[in-house]
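What follows is a short report on a single structure.
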């Protein structure tokens, strides 16, 4: 249904337009996107004729500073915090509204010699400032346009236009597919662009290494930062893992209540201890401790989910009632850490098939799933049964 990111990049490099869709739980819309560097009056005319939306120009913060583009409003109350600046026209234009003059304004924005005084305000081009980090920080069309431009090796600026149906309603995926077919345009998703960047870019940095004696044995501890957020992760390494042989690995998501306080609501603490003990017995392995509290929703939201469970909701229903997916974890950062450690073939300590799929999506091969089942307790029987019934965990209860 959708095209590969590589196909879209090739078309963009040729000055063509692509369609980019965002998540159905976000705006659930599609935009025409082109590279600002290659913009022509013909492309602008195509967008306004067949897209019918507002023509905007996503740019980096650097462009906005050079052109002295102030925010459109002092207090942005837009639900998605779209970073509009004041609208502009180049001083050489007349009304600024024609396709030719809009293309002129866009091209002059990219002119290194241009400065703020070269543009009238307000105007008919609407710059948008993309978040640093692109779609990995904000999954919007603004960031997608700048990311695509950078991936093409072009100036980090795009031209976007929302696609509206002839009856005035927003075009959704079925409409967008028809549009893409009609005009022979590549169609991609922001979700796929995020996955592409996670797969092709190095997002983790090895910060510090120490020797860590524990009750289970002595491990080589390696601390990692990442460029997506402020979360810091740690890998506990045992023995020589550089032989190329499959390595026993446990990817453990942080659980303060279970790991530290010994909560009986879950089996996280016992799993952590059992994994460390098993790696120690084998004399070789890795425990990767990921700061993904509460399956990615954070500590306070996990406690809120616990409160809902006390009211009769199960662990999945509680997450969804709070507005989160059942499992918000992403294994891209963890996969990059494992690859930084030189691992390729894993014997994965897990009961979760989704974790296997999540890691294998990043060119890691799970040779064997090693079960890690803990005895159920009265307090967590329902929780564990829900993980089996709704999350597909492989447990014998």
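Each residue, glycine too, has its Cβ placed from N, Cα and C.
Listed features, source Swiss-Prot:
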ACT_SITE  327  active site, proton acceptor
ACT_SITE  329  active site, nucleophile
BINDING   26, 27, 31, 138, 139, 140, 141, 142, 162  D-ribulose 5-phosphate binding site
BINDING   27, 141  Mg(2+) 2 binding site
BINDING   27  Mg(2+) 1 binding site
BINDING   250, 251, 252, 253, 254, 271, 293, 294, 295, 315, 350, 355  GTP binding site
BINDING   255, 266, 268  Zn(2+) binding site
REGION    1-199  region 'DHBP synthase'
REGION    200-397  region 'GTP cyclohydrolase II'
SITE      124  site 'Essential for DHBP synthase activity'
SITE      162  site 'Essential for DHBP synthase activity'
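You'll find the Cα of residue 139 (D-ribulose 5-phosphate binding site) roughly 30 Å from the Cα of residue 250 (GTP binding site).
Among the recorded positions listed (124, 254, 255, 293), 293 has its Cα nearest to the Cα of the residue listed as 'active site, proton acceptor'.
Cα of residue 268 (Zn(2+) binding site) to Cα of residue 293 (GTP binding site): a distance of 11 Å. Within 10 Å of the C-beta of residue 255 (Zn(2+) binding site) we count 23 further C-beta atoms, all protein chains included.
Closest to residue 124 (site 'Essential for DHBP synthase activity') in space, going by CA atoms and restricting to the binding-site residues 31, 254, 266, 293, is 31.
Ranked by CA distance from residue 293 (GTP binding site), the recorded positions 31, 266, 329 have 329 at the top as the closest. According to DSSP, residue 139 (D-ribulose 5-phosphate binding site) is assigned to coil rather than to any helix or strand.
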